[in-house]
Structure formats: structure tokens, C-alpha cells
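J.: Take this structure, written in C-alpha cells, and hold onto it; I'll ask about it next.
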Amino acid sequence: MGVVVRSGGGGLGGGRARGGGCVLGLTFPTDPHSYHLVGISFFILGLGTLLPWNFFITAIPYFQARLAGDSNSTARTLSTNHTGPEDAFNFNNWVTLLSQLPLLLFTLLNSFLYQCIPETVRILGSLLAILLLFALTAALVKVDMSPGPFFSITMASVCFINSFSAVLQGSLFGQLGTMPSTYSTLFLSGQGLAGIFAALAMLLSMASGVDTQTSALGYFITPCVGTLMSIVCYLSLPHLKFARYYLAKKPSEAQAQELETKAELLHSDEKNGIPNSPQRVALTLDLDLEKELEPEPDEPQEPGKPSVFIVFQKIWLTALCLVLVFTVTLSVFPAITAMVTSSTSPGKWSQFFNPICCFLLFNIMDCLGRSLTSYFLWPDEDSRLLPLLVCLRFLFVPLFMLCHVPQRSRLPILFPQDAYFITFMLLFAISNGYLVSLTMCLAPRQVLPHEREVAGALMTFFLALGLSCGASLSFLFKALL
């Protein structure tokens, strides 16, 4: 059963809500399975948006082995730690830079691009392009070629695949604007698990016991399967009543949409999520929506379009903190951290050391750090401790540079033991996740309600700027080793 919502004025958005809603004559879905299926779909779509970045950086040892230039390079294992002469291609640095520059570019172009290209074309086209490029990367595992052409093809693939990923991410965030905020959280959770997923895929490939070529092929087929699942999830959304109900609306109606969903969930049975009484839900929605959508006689007029400059003046310090957090993170991860090797004698631990202690540990602790803001926000938006904490993270740059990195010619190794690197990585990752999440939470609290959309757009731009700055600085820090 459902609550029928209809337009009071006969057109899209015409008139005010009657009988509990105001959209397209659609029936509000009360089936809890519909809620869950849409949530799972957005979770997998979130996972799919960050698979390209995470699968490329986690496979850095494989690419370095291919670029070593010997005739057996295609047979090298994913877990090889390149400890020979310094990589002339600077693969770590280039893969980071060419992954983040497209994000910055499409953040600047998103308004123009999104107006010119339909949403379905942007999302589905990007997913198909990512699938094809991942398939190309997997196919190259079986192709033996010289380092130069392999590097050029790989870098072109990295650039294009992350360009499509940036378009996909921006388009899906736009679509999430019409959904209740719960689904944005699920989408972000999927993104947060993408790195863990890539690291686990790497470890399973290494531990599979098959020959090294098959292991590498299986690793790169995994994101193909993940992207294919994302395509299926996106195509399934129009067939789910709950998704159809929300996606048929305009983003400007999101406030009323979320009110309806919360009313459904708040009046659901604790055991199975089925609404206790459809009549009670209908009455609640009718009363709440009438109150929400009918303006008061003396209610002030909607404020004008907020000034970008005025909003920036309010959030500039928080935005700067976000830039600095990502600048520090991308300046050493993965460009420097992926070069750190175990100081123990060769064996299973040294083989699994970097995938576990660099990539898996970073992504787990980063997720933990992001989740902490659900329990507390410290320091608050008025405190000067936030810039201090952000600046203290610059200490991680020399700490990682002085760890056990064999390819060096200038700096000494002051922290050779594995425990040092693991401790630094724990603090580095959890502080990254927490401070990123904290700054993104504090920015909307520093502006007026009608300015929050502009604040969000500005923070997205500064996020991309910080990533690009960090990727650029990684060349300098690697040269100083």
C-alpha cells in the first residue's frame, strides 16, 4: 500500500500539496525492500566511482615491474617491490597527477558540461567508457611491449578513465540531490570502501597461488566486474518505485521529499520496517507537508542568489584547511609511501608488506577517521586549533621520506624498522579521514541556509585543488630523496 501524491495544479509542481505530496501522480512506495534495493544500488555506484583511482595506485608494483624493461617483465608478480635504480618514468607521481587533474578540470567545467549533456548519457556513457578502459588495461597484461609505449598507453588510460570517473561522480552527486540524505551517506560509504576493496583484491591475487600473469589478469578483471555491477545498478533504478518517485522530482523539491521519507521511516515497525498504519502515515504526511509547503503570510521572501565572494569570505579558512590536508596526503601517498619496503629478510611478510601496511591500512584507517565525525566534531568552526592540527600534518612528509625507501641518493634512512612506518601510516590515515570529514561538515555551518549550496560547490573545488597540489608536490619530494 502507498500514499498517493498528486499535483494540485495539474502540471509539474503546480499548486500546493494535497493528500500528502505533489509529484507526477506517483504513489509513494512503502515497501521496505524498495528502500534497501535503492540503498544497495547507490552504495555500489559509490564504490564504482573510485575503483579507477584505487586499482591503479594499488597496482603500482606491477606497473613498475613492467617498466623495468627486461624481457620477462610481463611475468613479474603484482607484489614485486621495485628496488633497483630509481624509476626514470616517475610512475607513482604521474599516475597520481593524471588521476587528480581531470577531477579539478571537470569540477570547473561541470556547470557547462552538465547543461549540455543529458544525465543518462553522462552516467551510463562514463560507466561504459571506464569498463572498456579497464578491459584494455587487463588485456595489456598478456601483451609484451617495451617500457616507453607501455607507459604512454597506461598514462593515457589513467587520464581518460579518471576523466570519465570525475564526470560520473559529479553526475551521481547531482542525482543524489533529489534523494533523501541517507542515500548520500550510503554513496559516500561505497566510495570509502573502494580503496579497501582494491587492496583486498591485490592481496587475494597475490595469495591465489596461480602464475603471476594470471594473478595480474585476475586483479584487473575485478574492477571490470565492479563497473559492470555499477551499470546494472544504475539501469535498475528506473525499475524501482522508490527511486522513480524521487528521481522524477526536481532537486528544488528535495526538502519535501526528505520529509516524506523520514515520516515513513519514523512510523515503521522496529522488527520489519513495515509502516504500522498507512492511514497514520498519510495523515502525518498531509499535515507536515501542508505546514512545510504552505508559506506563512508574514514569511520573508526567498533571499536572492548568494554571492560566491561573500560565501568564500565566511569559509576561506576551512577551505584552506581542506586544501592543505589533501596537499599533504597526495604529496607522499602513494608517491613516497608505495616505495617503502620491509627491512626484514625476504619472505612472505616482505612480499605482503606494502599492500597491507600502505594501501589496506591507509584505507581502513581513513574510513575510521571519516566515521568519527558521526560522534563528535572537534575542534568546532570557531576554534583556531583546526589550522594548527592541519599544519602539524606536514610533519608526515619528512617522516615518510626518512623511512626505509631503498631508492634514494640524498637523504638517510632514520626509521628503518617496519613499526615506524606502520605507526606513521596509522596516524597519517586516520587524521586524513577525520580532518577531511570535519572540514566538509563545518563549512555548511559557517554560512546561512540559502548559501550552503554555494559553500558546497566551493568546498568541492578546493578539495580537487588540494588533490592536484599534492600530486604536483610529489615530484619535488621524490626528487629530494
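Keep in mind that glycine also has a Cβ here, set from the backbone N, Cα and C atoms.
Automated prediction, rather than curation, is the source of TrEMBL annotations.
TrEMBL lists 37-63, 121-141, 153-174, 186-210, 216-237, 315-340, 352-373, 385-407, 419-442, 454-477 with the feature transmembrane segment.
Describe the structural surroundings of these features, if you would.
T.: Tertiary neighbourhood of the transmembrane segment (37-63): same-chain residues 76-82, 91-92, 95-96, 99, 127, 130, 133-134, 154, 158, 161-162, 165, 168-169, 172, 176, 179, 182-183, 186-191, 193-195, 197-199, 201-202, 216, 219-220, 222-223, 226-227, 229-230, 233-234, 236-237, 240, 242-243, 334, 338, 354-355, 359, 363, selected by CB-CB distance under 8 Å and a gap of 6+ residues from either end.
Using a Cβ-Cβ cut-off under 8 Å and counting only residues 6 or more beyond its ends in the same chain, the transmembrane segment (121-141) has close neighbours at 48, 51-52, 55, 74, 113-114, 150, 153-154, 157, 160-161, 164-165, 167-168, 171-172, 175, 213, 216-217, 220-221, 223-224, 227-228, 230-231, 234-235.
Tertiary neighbourhood of the transmembrane segment (186-210): same-chain residues 39, 42-51, 53-55, 58-59, 77-79, 172-173, 176, 216, 218-219, 222-223, 226, 351-352, 355-356, 359-360, 362-364, 366-367, 370, selected by CB-CB distance under 8 Å and a gap of 6+ residues from either end.
Within the chain carrying the transmembrane segment (216-237), a Cβ under 8 angstroms from the stretch's Cβ atoms is held by residues 37-38, 40-42, 44-45, 47-48, 51-52, 55, 59, 62, 77-78, 123-124, 127-128, 130-131, 134-135, 137-138, 141-142, 197-198, 201-202, 205, 208, 210, 243-244, 247, all 6 or more beyond its ends.
If one looks beyond the transmembrane segment (352-373) by at least 6 residues along the same chain, the residues whose Cβ comes under 8 Å of a Cβ in the stretch are 54, 57-58, 61, 79, 81, 192-193, 195-196, 198-200, 202-203, 206, 333-334, 337-338, 340-342, 344, 418, 421-422, 425-426, 428-438, 441.
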J.: Could you tell me what the rest of the chain brings near the transmembrane segment (454-477), counting residues at least six beyond its ends with Cβ under 8 Å?
T.: 90, 92-93, 96-97, 99-101, 103-104, 107-108, 306, 308, 311-312, 314-315, 318-320, 322-332, 335-336, 397, 401, 436, 439-440, 443-444, 446-447
J.: List, by number or range, the same-chain residues at least 6 past the transmembrane segment (315-340) whose CB is under 8 A from its CB atoms?
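T.: Result: 57, 60-61, 92-93, 96, 100, 354, 357-359, 362, 381, 386-387, 390-391, 393-394, 396-397, 400-401, 403-407, 421, 425, 428, 432, 435-436, 439-440, 442-443, 446-447, 455, 458-459, 462-463, 465-467, 469-471, 473-475, 477-478, 481.
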